[in-house]
Amino acid sequence: KTLRPPQGGSLVLLPPTLVGIFSVLMVTLVIVIVAGNALVIMAFVVDKTLRTQSNYFFLNLAISDFLVGTFCIPVYIPYNLTGRWMLGRGLCKVWLLMDYLLCTASVFNIVLISYDRFLSVTRAVRYRAQRNMTRQAVTKMVAVWLLAFLLYGPAILFWESFRGHSIVPANQCFAEFYFTWYFLLSASTFEFFAPFVSVAFFNLCIYLNIRHRNKSMSACTEDSSASATVQQDLRPPRGNGAALSVFFVKTRKTKSQCSDIDHSTKNHVFQCDLEEWVGMLTKSKCCNRSRTHSLCVHVQEMEDNFKSREGYQSA
């Protein structure tokens, strides 16, 4: 069943003191929201070094919050203070559409930022290789706005036509589905519950990954300290009668496994040096102990990428 809205449009007038306090707080909130998000947008436009993939998502969030502060809240203030909508049915539809769209887009942007941070920690090599690809960032930003519109937009625009009549009084402005519990339950699940679970999951994974990495780094540091202590104990004692040994180390050049590669392009040289670095790093004792050491993070992933690239080129 559908709940029925109250009839008659009865109003509950607030005392003048509370109205004044509420007005000051709302105006202050608008100024803070508009000024803060405007600074973020201006910084992104002026400083080109900020135009990375992750910062594009923050820009998307700043745009949605900026529009909330410039349009949604200022229109809501007189409606909330007087209890009457005096701007007409057409502007009511526009305000409802923008209000639901912008608030939902802000929530989805927070999920997108959390997912981006999750990838930067758990898939560091692949993430760094793609962090300057603005096309993927723009595609995700457009997807956020599209999903936010599809969640509430069609219902706001066409619910009255589908029902055949309006339940909203002439001096009020709220969505036609405002008292339809099953629609609100479904929409709230996608707008609040699912994003909350997603953000909690991503941040938990980030925390566990960093915690595991720190433990591995501590273990590797202890091994290095123990090895240094053993070497110190094996040194001959200094003093009278102490034997002094002198070692001469002769260096020799080793042929690089990449010496036969074509160095006509910089990409070949970079790939060759990187492959040698990965090979040396994977043979180290610390990397064998832990795959999440600060110097060994995602080395296995880099080797897999090289192998897949070589297989693709040979094919």
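From the backbone N, Cα and C atoms, a Cβ is placed for every residue, glycine too.
According to TrEMBL, the feature domain 'G-protein coupled receptors family 1 profile' maps to 36-249.
Look at TrEMBL and you will find 20-45 (among others) tagged as transmembrane segment.
Non-local neighbours of the transmembrane segment (57-77) in the same chain are 23, 26-27, 29-30, 33-34, 37-38, 40-41, 44, 87, 91, 95, 98-99, 102-103, 105-106, 109-110, 112-113, 116, 137, 140-141, 144; each lies 6+ residues outside the stretch with a CB under 8 Å from one of its CB atoms. Among the features that TrEMBL reports, transmembrane segment is placed at 57-77 (among others).
Sequence-remote contacts of a segment are chain residues at least 6 beyond its ends whose Cβ falls under 8 Å from one of its Cβ atoms, and for the transmembrane segment (97-116) they are 53-54, 57-58, 60-61, 64-65, 67-68, 71-72, 76, 140, 144-145, 147-149, 151-153, 156-157, 175, 191-192, 195, 198-199, 202-203. The transmembrane segment feature in TrEMBL is assigned to 97-116 (among others).
Per TrEMBL, transmembrane segment is recorded for 137-159 (among others). Long-range contacts of the transmembrane segment (137-159) within the same chain: residues 53, 56-57, 60, 93, 96-97, 100-102, 104-105, 108-109, 112, 175-177, 183, 187, 190-191, each at least 6 residues beyond the stretch ends and with a Cβ under 8 Å from a Cβ of the stretch.
TrEMBL lists 179-208 (among others) with the feature transmembrane segment.
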Review point. Residues of the same chain, at least six outside the transmembrane segment (20-45), with any C-beta under 8 angstroms of its C-beta?
Key: 14, 51, 55, 58-59, 62-63, 65-66, 68-70, 73-74, 77, 80-81
